[in-house]
Amino acid sequence: MATTSTTTKLSVLCCSFISSPLVDSPPSLAFFSPIPRFLTVRIATSFRSSSRFPATKIRKSSLAAVMFPENSVLSDVCAFGVTSIVAFSCLGFWGEIGKRGIFDQKLIRKLVHINIGLVFMLCWPLFSSGIQGALFASLVPGLNIVRMLLLGLGVYHDEGTIKSMSRHGDRRELLKGPLYYVLSITSACIYYWKSSPIAIAVICNLCAGDGMADIVGRRFGTEKLPYNKNKSFAGSIGMATAGFLASVAYMYYFASFGYIEDSGGMILRFLVISIASALVESLPISTDIDDNLTISLTSALAGFLLF
């Protein structure tokens, strides 16, 4: 009887110890820290839209790039700093290339056109997924808008930047195409953000598509379009191909973080949007207005209709 009583008491003590919380346990760290409500909602939404990702995988991958999950404001401030350094380093690099005359000015301008927007979008996972993250991220191209205005108006002078972003080295050109380019990227960032494939379509067709259209068209564009002698079949095909491939690449990139769902249907929609953007870019009206505007608006409208 004594043995049975002792065993019973030990069992009760063990159960009590196991079920009771450890008061002195250290606070949780890293990605298991409390996160803002809007981050949790966004992650849950991403999970429900995709059956390919287990819940734990999406939660960890969605937060993997966020620097301080327990403090979204601090995390977004740091992300803004890192992205600004990356973006302006790219601009500085191409500006120096333009100043030294290493490449043809037209080629440098298009390389900047391709590079800046795509590099900026690579940094989006560093920001939180709500409107706060979108606003902090949009400050990066927003600062560039101010920079374009100051350069274009002649408030200050930067020969390298002007050469790398203008057709003929005239500072006033920055108030047209380059300014529309940055405005389009900023608008896509704020309005659509990283959970929308429309943002991918707009930026990829604007940057990769339009940039490659000019490069390919100048090199292989001997066969001109019948309705626009300033455009070529090679340039239009190059634009549609580059915009489409970049869109698919970023689809898989954002899907790896759980922001969107990669699928064959989405790939097909990206193809349609890239073809539509290339067709509009080839029209004479795109030259009269500005292809940075027409491509962005076409991609956004087609994306709105398809997604």
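Placement of Cβ uses the backbone N, Cα and C atoms for every residue, glycine included.
The transit peptide feature in Swiss-Prot is assigned to 1-65.
Summarising the annotation, Swiss-Prot assigns transmembrane segment to 77-97 (among others). The list of residues near the transmembrane segment (77-97) in space but at least 6 beyond its ends in sequence, with Cβ under 8 angstroms from a Cβ of it, reads 66-68, 103, 108, 111-112, 115-116, 119-120, 123, 126-127, 133, 136-137, 139-141, 143-144, 158, 160-161, 163-164.
Within the same chain, residues 36, 38-39, 42-43, 62, 64-67, 72-73, 75-80, 82-83, 86-87, 90-91, 181, 185, 189-190, 193-195, 199-200, 203-204, 206-208, 246, 250, 253-254, 257, 259 sit at least 6 positions outside the transmembrane segment (116-136) and bring their C-beta atoms closer than 8 Å to a C-beta of that stretch. What Swiss-Prot lists as transmembrane segment is 116-136 (among others), and the listing cites sequence analysis.
The transmembrane segment annotation in Swiss-Prot covers 137-157 (among others), and the record cites sequence analysis as its basis.
Swiss-Prot lists 177-194 (among others) with the feature transmembrane segment, giving sequence analysis as the kind of evidence.
Residues 106-107, 110-111, 113-118, 121, 181, 184-185, 188-189, 191, 231-232, 234-247, 250-251, 254, 260, 266, 269-270, 273-274, 277-278, 281, 291-292, 295-296, 298-300, 302-304, 307 of the same chain lie 6 or more positions beyond the ends of the transmembrane segment (197-217) yet place their CB under 8 Å from a CB of it. For 197-217 (among others), the entry in Swiss-Prot reads transmembrane segment.
The transmembrane segment annotation in Swiss-Prot covers 237-257 (among others).
According to Swiss-Prot, the feature transmembrane segment maps to 265-285 (among others), an assignment based on sequence analysis.
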